[in-house]
């Protein structure tokens, strides 16, 4: 046998502010997710590059879910070994997905502790929050380790200290500035050159938002928002499909913002809402959401997600497995857009004397399109845009820079001086965001009340998603496939079809070395606003063939 922590790069010690309450009862039920070792992961990566590269003869030749399943499905030997191992412990309540590379099994704590020798489940409490925690080492049998990896959500890591348990990028922060007239759908459409005719008409088009952290939208809020702010263009006032269970009680401002702005930017396009109960280690259950997609043959073409976590709060194993799920989505022609975050470059305090910037995930994933934020230069007029100081951006500490962005990022690093000290960021990492949109002072209707001054990249992301859905619409009308994973094509455009944002810096560590300043915008790509913000007619022209 070989003993090690479930996720060796994570701190499994109990923080001082958590109190051990008791052992979890042996008959209490837990659900463990087993990620079986997939086949052909490198081949999948290469194939994604081909179907996403406009210069490839395979561009746009996407796979069906069943074809993806045939590519990645674990070997028969892996399936047999894992199933025999589970059955030998009496574990029978399991379900899988179409791709057959995950097993989710419900069992008692007693069985789980027998299944993972050396583990003990305990209940701990801090400030009214209780979590079940896996104290001690897990023993893997070497012969099994080669067949699957454990992802045991919610049982072996504490919520990050010193911040909310998790964040919808600061919960779509409300600005303290009361003088702004406010961003509405008409302002968005004016700035990005969308006319009244720029609405969806293709019957096979669709888009989606995903909600986490017990955030829910109310249909009445959406209807009222459209009545108040969408009078100048054809639109839908209701979500076509909710996947998951909508909670009761008050609407969340995050959920309201996402739905209202993807449906007013991507107007008259069928929209779904994925709502995901529960949390992964008190954070967003991204994996559970991706498992939903792995079980659905027909899903929307564009998904926007306004949530994320610090890279260092998640294990490399977890993030790498999520990335494979993003790759699967890209192979199917699905565009995944994530908010870049509202903490600028972020800041992680390593010691009293040493800080570093703090990248976010999934924003830092090489397999998603990440959206930053901007503000109007003149807050009273529809003018050109500058950096929104909260716009998340930087360089991953986990993922290497993908080939599609090497030239653009190296050009930035060579041309912009001075850069922050290199001890603050990983100069070779995946750089983000990829593009941006307005993120400052939005109007939202939530709980039947119009609320002004809502800001954050959780606003810019559904706007960009809606615009990409409109471009998909035009492509579908011409018999072309969806845009899919857009990054390789976006970087080849080198800013064509986008307004370049060249003014402003975002925030970072408040110390004597960087003095609160992170990276700054510059001509062409930069790690604050990416390539810039959409100019719809020009972007449509660049992406229509």
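A Cβ is built for glycine as well, from the same backbone N, Cα and C atoms used for every other residue.
In TrEMBL, the feature transmembrane segment is placed on 131-152, out of the ranges 131-152, 153-174, 175-196. Between the C-alpha atoms of residue 254 (active site, charge relay system) and residue 458 (active site, charge relay system), the distance comes to 7 Å. Taking the Cα atom of each, residue 458 (active site, charge relay system) and residue 258 (active site, charge relay system) are about 7 angstrom apart. In the shown protein chains, 29 other C-beta atoms lie within 10 A of the C-beta of residue 254 (active site, charge relay system). Shown in sequence order, 209, 211, 217, 304, 306, 458, 461, 462 are the residues of the chain, 6+ apart in sequence, with a C-beta less than 8 angstroms from the C-beta of residue 258 (active site, charge relay system).
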